[in-house]
Amino acid sequence: ATPSPPTLYGLCSCEQPNTDGSLAYGCLAMDYIPQITSVSWKKDNEPITTGLKTYPSVLNKKGTYTQSSQLTITESEVGSSKIYCEVRRGESVWIKEIPDCKGDKVHPTVILTQSSSEEITSRRFATVLCSIIDFHPESITVSWLKDGQHMESGFVTSPTCGVNGTFSATSRLTVPAREWFTNKVYTCQVSHQGVTQSRNITGSQVPCSCNDPVIKLLPPSIEQVLLEATVTLTCVVSNAPYGVNVSWTQEQKSLKSEIAVQPGEDADSVISTVNISTQAWLSGAEFYCVVNHQDLPTPLRASIHKEEVKDLREPSVSILLSPAEDVSAQRFLSLTCLVRGFFPREIFVKWTVNDKSVNPGNYKNTEVMAENDNSSYFIYSLLSIAAEEWASGASYSCVVGHEAIPLKIINRTVNKSSGKPSFVNISLALLDTVNSCQ
């Protein structure tokens, strides 16, 4: 057979670049006799020795040969160089320049957007989003500047996402509200294929109404202290920035607390609770609520402990009944529990009927009030009951808890057959006091 030279074709993968950012070049040698000696690759005049895969030659039906070779290389390695395929047979050399596999350059559209002033104030930080849209090839560099100085932290750039041959990406900058409201200039800088684009956005000049967080600590309820083995401390943080961290400690030891809840009574509050033993609370130990946030120069701390009481005074408890003439004349009558002479002021008063708890909605307690000499306190509790229930002989108990009581709890019980309780006229002033406390 008469020798014939190879016909060379330069090939590119249909989708460039590949998902890993690499480019695939192909070299196809066809219709030659005899077989060729070698297939090699060059970048400009430099031999390429990695990323090569040359397939065995194939004898065609018409008696000629075909052979192919593939080069896998990254865009950055190619740069602006030209890629060549070189085929040898003996002393003969054939060279084919491979077409540019990088495709057309499409520079991105860069858009900056920011969160609203209301959101910045409520969440205590500003978010600036840099959207980088429709570019090719994939490789880009994103950086942020503040007043012209490169920033090292505070932003996150997402991986690129390819759709229909072009790519998109986003970069998100987070700025503390106090800093945002100081009129600084923030710049998103995008570099793509030798072209750099910058987009600027300026923080607000409106003063930030971002008051420092305020910590309020709430002790456990007196009922919990007297009746339960564990008690709950509550930390309410007002003016809390978004993402605030609230923790509890006791003498430098971290305590396991309930997850902080945001919001509380208002949109800027955080509530955190911790359960401790009642014994630890009664011992007077100090417990700390610690508030941390990136916008705070140092953590905020507040402490709480049970105050030592030196002059405990046990309450006296009496149940008073409406005037006798009212009992038979009305469908309802009132029982009043008078608790007086106690110190300190922390106390609980509730009712039971036949040893079952009465719904708190069915009775009303006044505020704890100081006696005339201001050395002790008193409180009233008013229970309204149906006359027929009283007539049936049901037993009603006023249950009082106070730390000065030896057994912590006092019960005073009354019913129709237990003997006549004291009959008193409930003054309008007392009723007004009860009603005003609801």
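Every residue gets a Cβ built from N, Cα and C, even glycine.
Per Swiss-Prot, the feature N-linked glycosylation site maps to Asn164, Asn200, Asn245, Asn275, Asn374, Asn411, Asn415, Asn425. Residues or ranges marked as region 'CH1' by Swiss-Prot: 1-99. What Swiss-Prot lists as region 'CH2' is 100-205. Summarising the annotation, Swiss-Prot assigns region 'CH3' to 206-308. Look at Swiss-Prot and you will find 309-418 tagged as region 'CH4'.
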Which of these glycosylation sites is closest to Asn415 (N-linked glycosylation site) if you go by CA atoms: Asn200, Asn245, Asn275, Asn374?
Asn374
Once the chains shown are all counted, how many other Cβ atoms turn up within 10 Å of the Cβ of Asn374 (N-linked glycosylation site)?
7
For the glycosylation sites listed here, Asn200, Asn275, which shows the highest count of neighbouring CB atoms within 10 A?
Asn275
Compute the C-alpha separation of Asn374 (N-linked glycosylation site) from Asn411 (N-linked glycosylation site), stating it in Å without decimals.
26
Give the distance between the Cα atoms of Asn200 (N-linked glycosylation site) and Asn245 (N-linked glycosylation site), rounded to the nearest whole Å.
32
Let's check the environment of Asn411 (N-linked glycosylation site): how many other CB atoms sit within 10 Å of its CB?
11
Check Asn415 (N-linked glycosylation site) against DSSP and tell me helix, strand or coil, would you?
coil
Spacing of the two Cα atoms, Asn245 (N-linked glycosylation site) and Asn275 (N-linked glycosylation site), in whole angstrom, works out to 18
Looking only at Asn245, Asn415, the glycosylation sites on record, which one has the least crowded Cβ, with the fewest other Cβ atoms within 10 Å?
Asn245
Whole-number Å value for how far Asn275 (N-linked glycosylation site) lies from Asn411 (N-linked glycosylation site) (Cα to Cα):
29
Please work out the helix, strand and coil residue numbers for the region 'CH3' (206-308) from the DSSP assignment.
11 helix, 44 strand, 48 coil
